[in-house]
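First comes the structure, then the notes that go with it.
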């Protein structure tokens, strides 16, 4: 597979080459591999392919780019591969907060410190979703019912972002929820539509079709302020009409999942700087804005010390939740 | 009959010169990726995906789905000719397809497979056309308990009817479950059975296991037996292609039964792999020539192929209407839908009528294009069987090594593939059945997840498997299939205490 695509890409690169970017300290000299830590069609795969397309379209590098999926072990396969490729600046790993979250709660053979952070490029929001015909109008109604009933909360993977948020809801709302892990957010959305669950905390893109189709609706968003209005999703409502959870008495002000970009460890600062610059150029294009809009994410760009600070803060918070739940690996 | 009108409108979109050309290109590319092991439909479709971004969504989906049809057909070619299944769903085709091809009838085997596959696909697409809205509702009724019941049914229908000694079947199943457990566990999130090898966190890929078990395993057995060491003298006969297809209606019972199983498993969504195994298992029990299955029976090819394609086609429906992909390829296409700005889900049928019905119409046309192209290639592929074993054997090794490596560019996979080759050889020599092992590797972890999700929901009570009519029927059906051979054996023992001698040899041959 790789051989064929490399061939096709190098042909296309040969056709379009000729516009070398202005002098930078380090330039790639051979094909670049984008490693998506998710299967084809997943959110992380989509961002890797979106970036690949933009770079190819604007000829931001002469070198061909191939996307490789390494989704095994909830993405651990991709990170382990990145760790094993230490010193190789031709492997760019696309992931989420998994990179620092997973090593905390399961015995995977990597840590985020084995990788070189490049940037966090987009934030995915979380919302609290219920079935369309459920009686709850606000997060308050939901919490009141959950306090007496036996509520089932679905989510993607175990001890991952969805379950962490579920435990935070339990704590903030003084309720007890039964968390049921599924393989993906899409699967969880269908389980809710079928009435097998009471709620889930999917990202906007994972449930937009279900919302529009009238099988489920969001109660609130875990964000400090309402989302940008954008186009209407249903006949009467858009993302901006969804109240924040804090507004409704569920006191979780902010919970987001960053899409992260990494190089393997032991690369030179010049090589890392090249990719930071490359990603900045990608972010400035209209195609990127289009991608962000279509996937209903928030555009951000964290790099260097800011990115570091973000990781440290997130990690501190996660460690607290994980130790309360007894998840920490010894 | 609103749907019929929509469909006719769809045909006006699908049957245009550029779209027909796209179909032909898609099908040919699909056959290519299907035949080359290690590529497979999901990879092929994801390679092609970036090229479609500039296209109209309907043109793009026609190209991609045609490629999918082509790959499904192409996957059967290597299963039949070399015993190397390119897709999980064509494993069951090897059981009778490969013996028939080795027997000097590769043309018949290929033409039978393609003919019944086309029939299955046709039934699947008719189902989509007329029952779209109803079918979408059925899929919603499936919670974890129902999922588990469907997988249980698939295991039961295959295992209960296996030809091998029951205890050997259980051993093979258990090894399969253990292999499926390697990697990260969905329910607990912890790492299991990696034995200190960091890379094993990704689990064991199906392609790696199957290439070793079937491709290399078969090769090792063949080297030992002189019979295999000569080329098969197969005459290339165009008429045999048509004769084989013409003979299909004689097996109408098997065709219809398999199509029904396929559609059911495609919708529910047990998927094409479970469907083909289940269909094969049930055919072996109910066919009059069931005891000869595994030696190159026509119905042993018809049953898995028809069910595979019926399920593969009807699996597209849950993808469009619910946003759950029924197969890996459907998952890639769903990613494509989002990039084209379409949201799979219940509203797609309302908002994007042109797209949906153009796609459905293209399924009819695309499958016809695919089967015509693929039947034309039969003699070419059949000619491969005439190449002497001394040349083909190293080629198979190369194909398996490259195929295993290309799954995730990992050397470990190659080593594992060779290890599975030795396991496959040992299984054959010791008369252990391979099929339950493969079935457990492919759907073992899904069955496990579904079971444990159910247990979380019910707080540990098995009552959840009898909580409603649907799940009760599935579970009772599974238990019945599991016990049926025992009951029949009892009745048989009681009636005629002494087993006739020839039966035992047939039994041994049946082991696969």
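Residue numbering: from 1, along the chain as shown.
Just so you know, glycine gets a Cβ as well, placed from its N, Cα and C.
The domain 'DUF112' feature in TrEMBL is assigned to B:20-439.
Within the chain, the transmembrane segment (B:20-40) has long-range Cβ neighbours (under 8 A, six or more residues past its boundaries) at 48, 59, 62-78, 84, 86-87, 207, 211, 215, 362, 365-366, 369-370, 373-374, 377, 381, 399-400, 402-407. For B:20-40 (among others), the entry in TrEMBL reads transmembrane segment.
The transmembrane segment feature in TrEMBL is assigned to B:47-69 (among others).
Taking Cβ pairs closer than 8 Å, the transmembrane segment (B:109-135) reaches residues 3-4, 7, 69, 72-73, 76-77, 80-81, 93, 97, 100-101, 240-242, 244-245, 247-248, 255, 258-259, 262-263, 266-267, 296, 298, 301-302, 305-314, 316-318, 321, 349, 360, 363-364, 367-368, 370-371, 374-375, 378, 381-382 in its own chain, all 6 or more past its ends. The annotation transmembrane segment is assigned in TrEMBL to B:109-135 (among others).
The annotation transmembrane segment is assigned in TrEMBL to B:147-165 (among others).
What TrEMBL lists as transmembrane segment is B:171-191 (among others).
Sequence annotations record features per position, and here TrEMBL assigns transmembrane segment to B:203-223 (among others).
Within the chain, the transmembrane segment (B:259-283) has long-range Cβ neighbours (under 8 A, six or more residues past its boundaries) at 88-93, 95, 119-120, 123-124, 127, 135, 138-139, 142, 146, 150-151, 153-154, 157-162, 290, 293, 299-300, 302-315, 317-318, 324, 326-327, 435, 439, 442-443. Taken from TrEMBL, the feature transmembrane segment applies to B:259-283 (among others).
If you look up TrEMBL, you'll see B:322-343 (among others) marked as transmembrane segment.
Marked as transmembrane segment by TrEMBL: B:355-382 (among others).
According to TrEMBL, the transmembrane segment annotation covers B:389-408 (among others).
Residues 88, 91-92, 95, 151, 154-155, 158-159, 162-165, 168-169, 171-177, 179-180, 204, 206, 208-221, 271, 273-274, 277, 400-401, 403-405, 508, 511-512 of the same chain lie 6 or more positions beyond the ends of the transmembrane segment (B:414-443) yet place their CB under 8 Å from a CB of it. Positions annotated as transmembrane segment by TrEMBL: B:414-443 (among others).
What TrEMBL records for B:464-488 (among others) is transmembrane segment. Nonlocal intrachain contacts for the transmembrane segment (B:464-488), taken as residues 6+ away from its ends with a CB within less than 8 angstroms of a stretch CB, comprise 141, 145-146, 148-150, 152-153, 155-157, 159-161, 285, 454-455, 457-458.
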### Message
As a test: from B:47-69, B:171-191, B:355-382, pick the stretch that has the greatest number of Cβ pairs under 8 Å with the transmembrane segment (B:203-223).
### Response
B:171-191
### Task
May I ask for the residues of the chain that lie six or more residues beyond the transmembrane segment (B:355-382) and have a Cβ under 8 Å from a Cβ within it?
6-7, 9-11, 13-15, 19-20, 23-24, 26-28, 30-31, 35, 57-58, 61-62, 65-66, 69-70, 73-74, 77, 81, 106-107, 110-111, 114-115, 117-118, 121-122, 125, 128-129, 234, 236-238, 241, 245, 313, 316, 320, 342, 348-349
### Close approaches to the transmembrane segment (B:171-191) from elsewhere in its chain (Cβ under 8 angstroms; 6 or more beyond its ends)
155, 159, 164, 200-204, 209, 427, 432-442, 444-445, 448-449, 452-453, 456
